[in-house]
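Contents: one structure, followed by commentary.
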Amino acid sequence: MARAPVFLALLCLTDFALAGGADGRKMVGVYELKKGDFSVKISNWGATIMSIVTPDSKGNLADVVLGFDTLGEYVNDTSYFGPLTGRVAQRMARGRFVLDGKVYHTYLNDGKNAIHGGHRGFSKVIWTVKEYVGGGDSPYITLYYRSFDGEQGFPGDLDVYATYELSSPYVLSIRTNATALNKATPVNFLQHVYWNLGGQGSGDILGHTLQLSASRYTPMDEELLPSSGRVDPVAGTNYDFLAPTPIGARIRKVKGGNVFGYDINFVIDGEGMRKVASVRDGKSGRGLELSANQPAMQLYTGNFLNNTKGKDGNVYNQYAGFCLETQAYPDAVNHPEFPSITVRPGQVYKHDMVYKFSY
Ligand SMILES: *[C@@H]1O[C@H](CO)[C@@H](O)[C@H](O)[C@H]1NC(C)=O
Ligand SMILES: *[C@@H]1O[C@H](CO)[C@@H](O)[C@H](O)[C@H]1NC(C)=O
Ligand SMILES: *[C@@H]1O[C@H](CO)[C@@H](O)[C@H](O)[C@H]1NC(C)=O
């Protein structure tokens, strides 16, 4: 069964469309995937998850992701509420890398460094809706984006797909892939959803209990870069989440840059599709389990949120949500000791995530 997309806004983003190498205007919409009382809203603006509504143990529904009421607010968003980021997500030192002997400079949008693929990364472009089935057994949407040679400084054309699908009982899967068409290029995507299992706007997430399948992490410097290239054990540090631990238990003892909170990359134990994290909010009883096929995951606890106007008149402050960003090792392009993120013509990058909700 196909549902009609709800076009909240018909934005004439001509300059964005041209930047994307597309001809003329494209339409930005909001697409709902609905299965019983489980609902997910996606926009083709930045392949953004705008809302995820799930029940708690009493059947009360809440939207468990931070975001905005209108698409227009996502255009100017600097917190990255819910999009898929790329071509190379996370921070890249000085926006510079060398590939096959050639030096590349990408757009700098985080001080002296690049973050999330530049100021018009994949989170700030219009994707094409390839397929959309809003209801039935397995509602899904497939989005497509053709990234062009030189976009934000990256080499070669890249074909990108992202499919969001609901399955029983409360499972959201995200499958992404990217094919390099003519030049070797670094590729690393991540989904930047901010979670609050008590419901967005319900306060901070410090009481959520987090467990990570991560025995190691990559220490970060003041610029939030893994400049030492070290991979250290979490044992005996404030980054040890091997056993379920409240996010807030040690949060005032760690810093992400100049603020207190987690903004740190973990190396996930094992390889292939496997469990990465589980989280539980004792108050609502909602739980979330994340599996993915990536080597690493950034934990970010919304350290920089400060009086951000969000949905339903809510104001998001520090720790109002947290992100579990499965990814490659950060700044891998500048660290030959980390697994390579180079995708050569004909090769395919695949990043799959499965979010299982419980109550
Ligand atoms: C986005 O920012 C621009 C420039 O500051 C402003 O003109 C525009 O009104 C903003 N859009 C929204 C939807 O807030
Ligand atoms: C990428 O994903 C799309 C959409 O699911 C699919 O049609 C395509 O076959 C995938 N490409 C590769 C190379 O796996
Ligand atoms: C939030 O912003 C205000 C106004 O810019 C500033 O005074 C305050 O220190 C900020 N708080 C945090 C936690 O960053």
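These residue numbers are counts, starting from 1, taken along the chain as shown.
Backbone N, Cα and C define each Cβ position, glycine as well.
Annotations in TrEMBL come from automatic prediction, not curation.
Here's what TrEMBL has on this protein:
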- 1-19: signal peptide (SIGNAL)
- HIS192: active site, proton donor (ACT_SITE)
- HIS192, VAL193, TYR194, ASP263: beta-D-galactose binding site (BINDING)
- GLU325: active site, proton acceptor (ACT_SITE)
Three-class DSSP secondary structure - GLU325 (active site, proton acceptor): strand
Neighbour-count leader, CB within 10 A, recorded positions: HIS192, VAL193, ASP263, GLU325: VAL193
Env. residues of beta-D-galactose site, Cβ within 8 Å of mean position of HIS192, VAL193, TYR194, ASP263 Cβ: SER79, TYR80, PHE81, TRP195, TYR300, GLY302, GLY321, PHE322, CYS323, LEU324, GLU325
Cα distance (Å, whole number) from the residue listed as 'active site, proton acceptor' to ASP263 (beta-D-galactose binding site): 10
Number of other Cβ atoms within 10 Å of the Cβ of TYR194 (beta-D-galactose binding site) across all protein chains: 26
Separation of alpha carbons, GLU325 (active site, proton acceptor) and HIS192 (active site, proton donor) (Å): 6
Where the record names HIS192, VAL193, TYR194, ASP263 as binding beta-D-galactose, the maximum Cα to Cα distance in Å: 14
Rounded Cα separation (Å) that holds between VAL193 (beta-D-galactose binding site) and the residue listed as 'active site, proton acceptor': 8
Residue pair GLU325 (active site, proton acceptor), TYR194 (beta-D-galactose binding site) - Cα distance, angstrom, rounded: 10
